[in-house]
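Step one of this worksheet: look at the structure below.
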Amino acid sequence: MASTPRAKTFKSPTKTPSNIYRKSYLSPSSTSHTPQTPETHTPLRRSARHVSRKIDLGNDPIDAPGNDPIEGMNLIRKRERAPRKPTTDVVPSKSKKTETPKKKKKIDSFTPVSPIRSETIKKTKKKKRVYYNKVEFDETEFEIGDDVYVKRREDSNSDEEEDPEIEDCQICFKSDTNIMIECDDCLGGFHLKCLKPPLKEVPEGDWICQFCEVKKSGQSQTLDLPKPPEGKKLARTMREKLLSGDLWAARIDKLWKEVDDGVYWIRARWYMIPEETVSGRQPHNLKRELYLTNDFADIEMECILRHCSVKCPKEFSKASNDGDDVFLCEYEYDVHWRSFKRLAELADGDSDSDQEWNGRKEEEVDDSDEEMELDDEVLKSKRGGLTSARGGANSRKGRFFGVEKVGMKLIPEHVRCHKQSELEKAKATLLLATRPKSLPCRSKEMEEITSFIKGSISDDQCLGRCMYIHGVPGTGKTISVLSVMKNLKAEVEEGSVSPYCFVEINGLKLASPENIYSVIYEALSGHRVGWKKALQCLNERFAEGKRIGKEDEKPCILLIDELDLLVTRNQSVLYNILDWPTKPNSKLVVLGIANTMDLPEKLLPRISSRMGIQRLCFGPYNHTQLQEIISTRLNGIDAFEKTAIEFASRKVAAISGDARRALEICRRAAEVADHRLNTNKSAKNQLVIMADVEAAIQEMFQAPHIQVMKSVSKLSKIFLTAMVHELYKTGMAETTFDRVATTVSSICLTNGEAFPGWDILLKIGCDLGECRIILCEPGEKHRLQKLQLNFPSDDVAFALKDNKDLPWLANYL
């Protein structure tokens, strides 16, 4: 195949920070219809920028075999599978100095992959890479997140055409610096003076050229299109080549240099024109509209022609005079599911959230690569100076677990217009949604989890193991496991730990316990099926050892939070999940998390035996640990007095030891202090003091429902205490009246209180249900009536712990 010489240097258009949405929340859509593009947000294009296009109003998709654009591109890929020629070093040799003219370098090694579906290239040896955030290449600066034109190898002749900086007028076929207007239909450029009648200025609103108006009126037979002068060669712009399918557009996801041969590469995330989608170009598609895909490819930087600019609808509507290389992107297109997804409007973030639905997982590409930390060096290429920047992709390792999937939403300008005070920084840092940089006070537990997982996946056989993690709420069980998995992911990228696949499931998100089969199978295979079919396929994989794809060869780590919610009448769900790791070659590691300590003892013997003896207890935090957690969050922020932090820590440690409650009290105390300082401008103490913490505690623990608990009858207090005690014993939020009545009888007998009887207890439970202190079913179910606390158990403990009439209640709370 003929190679394409590099295009001449072209000045990159001005880049804007809001080039395109930096992060997307992706999930295959259930519909395959092309979504409508709202005209209110993306008006039709009209501008005075220099544009040109042949007057062609065809709206049909690109012709391909079977009218399927993806099948058509498959024919192209057959020509790309030839073995690549070895690349040459871009650094010029210093030993030879001759005056002979240099020959143009052939770029047979350039292999931009089809944006329909990338071909995963198997690597035969490990390659060392140096990653960058920004490089200067051919006197043009490229950085992660830029949008660029990319050469299309299968039609290399189109890339060799001249790229005019100023396009020709569609009437006089001359290019000059006079103002031109763009037709919103055909995107053709016209001089104002060449129009009939001529225009003195660019009109407001939509503008359609006279030729398009004639075509729309149905009189195309009488249309006399202008013809270029004889010998005049019409040069197409990059925009025309892209929209006609002769070029590709991509977003730079990574930048690196191969240390072995010195060639610079990028990871490109492809854009797609509407004609290349399954629906083709629809009437509602704008002429400059592109779709961001979930398809990636690694290509050499020599394939890049120059910058373009892909904008969100809001920025696109303001880009009337930003040049010809401006495009709109409002939707993402899943090339595997052939579905559309509206892009979330996010700002300057990494595009990491698409890892769940990428057809080409990143670990499949980078597991064999040995990444190197970037050193200070001046890089030079054959084209010119190439400068490096510190950081790059090396700073983004291990980034797909847990709450790190959550993106940063766009902050309004009025919020960012002033400098944050210390109290405002403290309030933002103490939010429960804020992920801490480090996790203090749990290093011992994290080391034990790490050694357990490494020991489970390091063996080639990987027979499978189970670990049960338990502890009261708010003790850091889940976040500790997620932090361990994040660190292990970084070690996988470095090559010190063998690759694995990780599946995280929360029992609270399951409609029924059996749905966990469908969730596991979908996470492993990407296909959504019913739970019975999923159970059959999972049995074939874990029990019978059938392997389907490459992912099946990797060990699987399954994290199940709220494990106790999977308990059914016959306990078959837990039995199946815990039985799989015992099978030969299952390569399954199960981590179960629950609040109750003795859950294995409450299960059937066949299940508790499979759960194993590997258990890890997360005890409640004491006041010293809570103080360290809060101080770590507030590191570098001088907003709290030390006595205020200590007071909040001791108060929470005496009740429950819940770190989340301590953080919430401190955050509320910061809000109280901020209000106090705004009210009293002359206040000398600008920090959060003990009085602010006390006010926050009183506000939190003196809510109306707590006052109701304090004022109920003695038997009602015993009833609530029995419900809390039953919750601590079983770890189940939901219980039955039969169990609560049995617990009340035991408590009364132990402490010398007269048992009131079942009928009176039933009436007490119904009365508490009417007050909405508890949630209960109708009373006619009697012993089988289901009960559940409507508020946290900590609130019940706080309300009843210091009761003077029944001081022994504190022993059960």
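Easy rule for this one: first residue shown is 1, then count along the chain.
Just so you know, glycine gets a Cβ as well, placed from its N, Cα and C.
Annotated in Swiss-Prot:
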type     : residues       : note
REGION   : 1-109          : region 'Disordered'
COMPBIAS : 43-52          : compositional bias 'Basic residues'
REGION   : 163-187        : region 'Histone H3 binding'
REGION   : 203-207        : region 'Histone H3 binding'
DOMAIN   : 226-344        : domain 'BAH'
REGION   : 319-324        : region 'Histone H3 binding'
REGION   : 349-372        : region 'Disordered'
REGION   : 436-803        : region 'Necessary and sufficient for ORC complex assembly'
BINDING  : Asp561, Glu562 : Mg(2+) binding site
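Across the domain 'BAH' (226-344), the model assigns an average pLDDT of 87.
With a cut-off of 8 Å between CB atoms and residues at least 6 apart in sequence, the same chain places Thr478, Glu504, Ile505, Asn506, Gly507, Leu508, Ile593 near Asp561 (Mg(2+) binding site), listed in sequence order. When DSSP labels each residue, the region 'Histone H3 binding' (203-207) comes out as 0 helix, 0 strand, 5 coil, counted as helix, strand and coil in that order.
Comparison of 203-207, 319-324, 436-803 by number of C-beta pairs under 8 angstroms to the region 'Histone H3 binding' (163-187) places 203-207 first. In terms of DSSP secondary structure, the region 'Histone H3 binding' (163-187) contains 0 helix, 3 strand, 22 coil. DSSP states for the region 'Histone H3 binding' (319-324), grouped as helix (H, G, I), strand (E, B) and coil, give 0 helix, 0 strand, 6 coil.
In the three-state DSSP assignment, the secondary structure recorded for Asp561 (Mg(2+) binding site) is strand. Broken down with DSSP, the domain 'BAH' (226-344) shows 16 helix, 53 strand, 50 coil.
On its own chain, Glu562 (Mg(2+) binding site) has Asn506, Gly507, Leu508, Ile593, Ala594 as residues at least 6 apart in sequence with a Cβ closer than 8 Å to its own Cβ.
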